[in-house]
Amino acid sequence: MALKNINPTTTNSWKELTNHFKDIENINIKDLSKDENRKEDFSIQFDDLLVDFSKNRITKKTIQLLVALAKEVGLKDAIESQFSGEKINVTEDRAVMHTALRSTSDVPVLVEGKNIKPQIQTALRKIKSFSNKVISGKWKGYTGKSITDIVNIGIGGSDLGPDMIVESLQFYKNQLTTHFVSNIDGDHVSEIIKKLNPETTLFVIVSKTFTTQETITNAETLKNWFLKSATIFDIPKHFVAVSSNLEAVDNFGIDKGNVFPMWDWVGGRFSLWSAVGLSISLSVGYDNYKALLEGAEEMDIHFRNEDFDKNIPVILALISIWYNNFYLAETEAVLPYSQYLKKLPDYLQQAIMESNGKGVDRNGHKVDYQTGTIVWGSTGTNMQHAFMQLVHQGTKLIPADFIGYKQSLYGLTDHHKKLMANYYGQMEALAFGKSKEEVHLELKFSGDEDKINQLLPFKVFEGNRPSNAILFDKLTPRSLGKLVAMYEHKIYTQGILWNIYSFDQFGVELGKELAKKLLKTQ
Ligand code: F6P
């Protein structure tokens, strides 16, 4: 069934939401929180994940109307269309099947009449056996030494996903050192070369198209550097590729047996679950890589089957639309309270902004409402000493996701208690602020009345700033898979509601073309 094609602003639900917004625009989270059931009513527990969305400018009616909007634009059918392999990436005439990559069910998924599950299983077996050989030291370099360093060469989805996951799962990492080269800036690759020994380095070239300027330039530079010490006959021991362009891979000189597949039904920014994640499997071992996929599958099942009002990605998408389209918030922040997740905001910027940064609807008409949100963020507590001043007291409304873990990985309880006190403290400060009266009371003992009145306005926190608390028991490969899949489904939900196509990225093409033209004239 083709995706419906409905301008959301013409729906009954949108009209009702507009009226409802007028009614509650000035509602205050502090007042809403007086309801002792609020936390329970506005939270969803799903296995080891608790999402508390009670600190938002929403009522039960807001959720009801947003859910009605999702139903009116056909979200349920759209989810089925995605999972069942329909070509919902219409502008590129492709299915969107990252969910099939992590599916453990035996139910076939047909793309153009062909079950894609067997090829996915074959690729997984190849990833497993290759990772095991390299990690165990059985895979030898050209002088007979085992591999010590992995270099992932890619950009965009062929870099950000694996890089973010390897960084996030550092705790689970094995003895191999993993490097990521992405930028065309030669200083990037040069800095990495300084750390490498050609005899013990494995290069993983990741490019779906195998034509991306940055990746091919970096790969050539690294190959030339390698060939200063070795010969072309040594390339098979040190270079592997992940790509769907077999001819270009062959021309580069990579052995056929060293090619891992990519398919056109997996978008770059959703590809870490495919062989694009080879560096992940090499870095943390196949079992951890598989657990990552299993966590994502758990979220897939939740997203596909759960009612919208209990569906985590759907609820997060709807709340974000509420701020984006009714409060006209320009940005939203992602704030992980885990140093391991420091690359998550960068990763999500591509996933969210490349997907939903579209100004034309599914009819090909320019939209007359806001679409993709601007996403940014950094880790707590560092960012509290950087940009949080603006989030607390600035003039902009910035809804924020706070991601946290009940347990720390190294068990430094004292640190973790302090970290989590900050996690909760920030959300409370944002939501409830600090009134004039409270500030006055605080200052009462510290100076004369004139001085107090002078200082008062600067020390008041208006509050009423929204946040979602996204809390897992522990950072594991499985919970990380769940988290990433949660955001993927949020993206799709929003694309459906905004009536845009989330899986193409024509917007990145023009700049590339112009750079090529300019290069020729230099
Ligand atoms: O930025 C555009 C883009 O096409 C991304 O969608 C993709 O992840 C990236 O370039 C890299 O593409 P490739 O894997 O083909 O090198």
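Note that the numbers count up from 1, one per residue, in the order the chain is shown.
From the backbone N, Cα and C atoms, a Cβ is placed for every residue, glycine too.
Features reported for this protein in TrEMBL:
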{"type": "ACT_SITE", "residues": "E354", "note": "active site, proton donor"}
{"type": "ACT_SITE", "residues": "H385", "note": "active site"}
{"type": "ACT_SITE", "residues": "K512", "note": "active site"}
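Locations of recorded TrEMBL features on the structure.
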| residue | record | contacts (Cβ under 8 Å, 6+ apart) |
| --- | --- | --- |
| E354 | active site, proton donor | G156, R269, Q505, G507, V508 |
| H385 | active site | none |
| K512 | active site | Q213 |
